[in-house]
Each structure stands twice: as structure tokens, then as C-alpha cells.
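*Asks:* Before I ask anything, let me first share the structure, which is written out below as C-alpha cells.
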Amino acid sequence: MEALHKKIREEGIVLSDQVLKVDAFLNHQIDPALMKEIGDEFARLFADAGVTKIVTIEASGIAPAVMAGLNMGVPVIFARKHQSLTLTENLLTASVYSFTKQVESTVAISPRHLSSDDNVLIIDDFLANGKASQALISIIKQAGATVAGLGIVIEKSFQGGRAELDAQGYRVESLARVESLAGGVVTFK
């Protein structure tokens, strides 16, 4: 997606050969016009998938997921990283390790929002080692629902997440595939 590539080139900051900072438009400050384009593109890519719900993890996946949900006319559920007084009943949970934050957390979704009738599109801001995606897949399976596919805003193709998801037979659509961050330069696949 050219608009996303341009934004990454102009406003993304390479912190290391493993870490790309995109807080100027995606995961701290949000560019609404770009999020609309991203949502439109996910809706186009998965128009034939029979999606009934979209699932993401708080917080950075919420903006692109909501835009896709708006375009597709389906609800968006975000897996919560923090327990709350209102999220208590027999939760669907999975552990996820964050490469960027270097912490493991438990994410949860209420079973009231997912059922075996659902065909779920996972949307996330990044795909690196695939741990967040695998956690969401686990939660969706616990509900007896089906995974329609995964929509990824930025994929770090040099890490193993995509290969693992491909090997499991999941459809993965990434809007920007980063091949390398070597030398402080973003190289797209």
C-alpha cells in the first residue's frame, strides 16, 4: 500500500535492525486519513471472506481494526491486556510475549462476544514473531469460532511470524512488508 510505504519512509524511525518506531502515525499519534485508507484496504482484501467479527489486541490494533469494521459493517472486539471490574466472567485468555516491550501478558476476551458462528478477521499493527497473532488465534479457537485471516498493517518479514502462520495455513494480508531495517534504512519486500 503506497500511502503506508510513504508514511513509513517519511515518519518511521528505525531504532535498531529489529525495531521500527511508527508512533507519529500509528501507535501513539494516529493519522485518521491513513487509518481510513488502511481500513478500506483490509475491507477490500477480505470482502469475500464472510467476516462476522474483527479481533485485535489493545491498543495499537484498535484504530485500523475499527476503520475496517466500519467499512465491513461488522463489530470489533479488542483483547484486553489489563483486567477490569467489568471483565470477569469465564474469560477466553491467552499469554502473549511482546518483543518490543519485552514483557509477557495475558490477553482476554469475554465469551459473550465470540461464538462458534463467528468467522473472525484478526487485525494488528505489526507482525514480527507472531506471538500476538497466535494468542488471538488461541482465543478464537477457544470460542469455537473460525479464523478468516489476518490483516497486518506492517509485517517485519525478516522475523518468523509470517512463516509460522503460513505453515499453519492461515491467510495473511500485510499492507507493508519490511524486508530489512539494516543500516537504519527501511527496505520493503
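Backbone N, Cα and C define each Cβ position, glycine as well.
Pulled from Swiss-Prot, these are the listed features:
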type	residues	note
BINDING	L20, N27, K156	xanthine binding site
BINDING	A128, N129, G130, K131, A132	5-phospho-alpha-D-ribose 1-diphosphate binding site
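For each feature listed, report its degree of burial, its nearest neighbours and the pertinent distances within the displayed model.
*Replies:* The DSSP secondary structure for N27 (xanthine binding site) is coil. For N27 (xanthine binding site), the same-chain residues lying six or more positions away in sequence with a CB closer than 8 A to its CB are A59, S60, D125.
Over all protein chains present, the Cβ of K131 (5-phospho-alpha-D-ribose 1-diphosphate binding site) has 18 other Cβ atoms lying within 10 Å.
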*Asks:* Using the residues the record lists for xanthine (L20, N27, K156), what whole-number Å value is the largest Cα to Cα distance?
*Replies:* 16
*Asks:* So, in DSSP terms, is L20 (xanthine binding site) helix, strand, or coil?
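*Replies:* Looking at the DSSP assignment, L20 (xanthine binding site) belongs to a strand.
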*Asks:* What is the Cβ neighbour count of G130 (5-phospho-alpha-D-ribose 1-diphosphate binding site) at a 10 Å cut-off, with all protein chains included?
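*Replies:* That number is 22.
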*Asks:* For L20 (xanthine binding site) and G130 (5-phospho-alpha-D-ribose 1-diphosphate binding site), what Cα-Cα distance in Å is obtained after rounding to a whole number?
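*Replies:* On Cα coordinates alone, these residues lie 16 Å apart.
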*Asks:* Please work out the number of neighbouring Cβ atoms within 10 Å of the Cβ of K156 (xanthine binding site), leaving out its own Cβ.
*Replies:* 24
